[in-house]
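Annotated in Swiss-Prot:
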BINDING   Asn246, Met275, Tyr304, His340, Ser360, Arg361, Gly362, Asp401, Gly402, Leu403, Arg404, Glu440, Tyr467  substrate binding site
BINDING   His444, His508  Zn(2+) binding site
BINDING   Cys588, Cys591, Cys596  [4Fe-4S] cluster binding site
Amino acid sequence: MNIRSNPETTRAAVTTGALPSSKKIYATPASAPDLRVPLREIILSEGAGEPNLPVYDTSGPYTDPTVVIDVNKGLPRPRTEWVKQRGGVEQYQGRDIKPEDNGNVGAAHAAKAFTAHHQPLRGLDSPPPRGEGSGVGGATPAAFARGADHPPMITQYEFARRGIITKEMIYVAERENLGRKQQLERAEAALADGESFGAAVPAFITPEFVRDEIARGRAIIPANINHGELEPMIIGRNFLTKINANIGNSAVTSSVEEEVDKMVWAIRWGADTVMDLSTGRNIHTTREWILRNSPVPIGTVPIYQALEKCEGDPVKLTWELYKDTLIEQAEQGVDYFTIHAGVRLQYIHLTASRVTGIVSRGGSIMAKWCLAHHKESFLYTHFDEICDLMRKYDVSFSLGDGLRPGSIADANDRAQFAELETLGELTKIAWAKGCQVMIEGPGHVPMHKIKINMDKQLKECGEAPFYTLGPLTTDIAPGYDHITSGIGAAMIGWFGCAMLCYVTPKEHLGLPDRNDVKTGVITYKIAAHAADLAKGHPAAQLRDDALSRARFEFRWQDQFNLGLDPDTAQAFHDETLPKDAHKVAHFCSMCGPKFCSMKITQDVRDYAAGLGDNEKAALYPVGHAGMTISGTIEDGMAQMSAKFKEMGSSVYLDAEKVKESNKALS
């Protein structure tokens, strides 16, 4: 159903309510009984003869009927207390909102500001004076575990390196296990069946495993300390493959209301993170509305807003303006920033011979700035300062691929890989500063060139999580690039990519609407799940097997509901067989009642089950374990062999002679 908010504040309406035959459930980790980790339970029909199936859920409170949704107030903020309990942070006034933050929009076009204001948190630069900052019962807060001579820890990476398991780590471990007590035998069998290309997927995810993966830099929990509404999730190749959905307004279309609706719509269908790529008016306000209503991590490309602040002219960009934009967005609670610090002056000429040049918006902005000033990129020269700033808020890096190929003709060229090598250098700097890092990747890459991208990224970037846009495997299908890219996404996900950025049917053609968002999300959920199956993820195949059993047993409603998109599955079925009676029929409109292979198979099974021992034995080949009547089969085979020789040992025989021979045998 839709809940419409107060029209005097905003006209936003978002989709709420459970998916068909599903309910929101919560798991409680043994080590943190105060946590409630969300899952979606798919309720199977009474005749299924098997338990309901819990699945990963990204939809937040919007599918919980016990929660009253009011987009004007935003979601609850339980994570804020987790952060404060760890210590090492301070609450402060924050910067004032400036006219340029919203593109100097006039009053006639200004969006309504979000009503609730939360003072931001930031990490302390140094420990508090001795005797201050103690935790509950006088205990030292976790942030100060390195001692009084060291600055407090703020980021998940710093806690992990110190050996401290945070609530976020406990939360994501429970989430990755889907709330089930693992059946290790089945899990190990699934792992043995898959090909993980060096990934170390365990049979059971523990908080300690999560901590270790983050400490090694192989995984991140994007979780700004100011995003209190967040339900933590993890990105890494040894976990479930995640997907991102892009939303955002532009200078010519969309509104705040539409973008909030698209965010809720995207997470309903399975988006693990959402990027707000707004480039038009009301950027700050749009982002605030999205963040305050988002249970998933939100990413941005700060250079887009910085460009709006200087009238859209890349030449006018400055480090000071960009730094102010980073602070603005970090205070709001953005969880990860795409920063194109690998676009260096010396690499730009490498793109001159490309078919499609520089296709990244952020990459082209920085390339123009570098050429106009004939200087090294300020993102590169000020990278240490960027790290210090992002660490204060635990904003994760998503190091952008500003020189990614925009056509398969440009795939894997020197410009692309030169930037990737620089991103590897920057990753090590960010880690040394205590920041979490993932790496962005292409783009447009034909199938035979995909694996080298994954292998080179792992080598150059120390196994930091890879996050790719597709890649698109061919350039000939405008309007269908969700398919051309879904092929590449499934492949690179199998090879080890941790998160896949969706592509919608509108790619290269226009701004996606909510229908395009759903199509993109479902397409990429398929790709991510296919990758998890191929890697041998221990829980991945449970849903496939449940749906296959429902299909074979003609449990149509279970078949719809176990799918990624129950609404579309049932709509297609009902186009030709709409009646309730058809939901229990043992056929569909493809084959009809007489030619359904599964119905025929069921009839054969039923027939075999009713046979006596002698009749069953006749169905088995010689020596088969099912043959229980000694000599019966051997005698029959010997008789038929003699008959074959008697008839002339020919494959094709005269019909009349065969009839006469059969009479003699009877």
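Glycine is no exception: its Cβ is also placed from the backbone N, Cα and C atoms.
Local packing around the Cβ, expressed as the count of other Cβ atoms within 10 angstroms, is greatest for Gly402 among the binding-site residues Gly362, Gly402. For the pair Asn246 (substrate binding site) and His508 (Zn(2+) binding site), the Cα-Cα distance reads 14 Å.
It is 16 Å from the Cα atom of Gly362 (substrate binding site) to that of His508 (Zn(2+) binding site). Ranked by how many other Cβ atoms sit within 10 Å of their Cβ, the binding-site residues Arg404, His444, His508 place His508 at the bottom. Neighbour count (other Cβ atoms within 10 Å of the Cβ, all protein chains): 23 for Asn246 (substrate binding site). The secondary structure of Gly402 (substrate binding site), as reduced to three states from DSSP, is coil rather than helix or strand. Taking the Cβ of Tyr467 (substrate binding site) as reference, residues of its chain lying under 8 Å away and at least six apart in sequence are, in sequence order, Ile235, Asn244, Ser398, Met438, Ile439, Glu440, Gly441, Cys497, Ala498, Met499, Leu500, Cys501. Rounded to a whole number, the C-alpha distance linking His508 (Zn(2+) binding site) with Ser360 (substrate binding site) is 12 angstrom. For the binding-site residues Tyr304, Ser360, the ranking by surrounding Cβ atoms (within 10 Å, all protein chains) places Ser360 first. Between the alpha carbons (Cα) of Tyr304 (substrate binding site) and His444 (Zn(2+) binding site) lies a span of roughly 23 Å.
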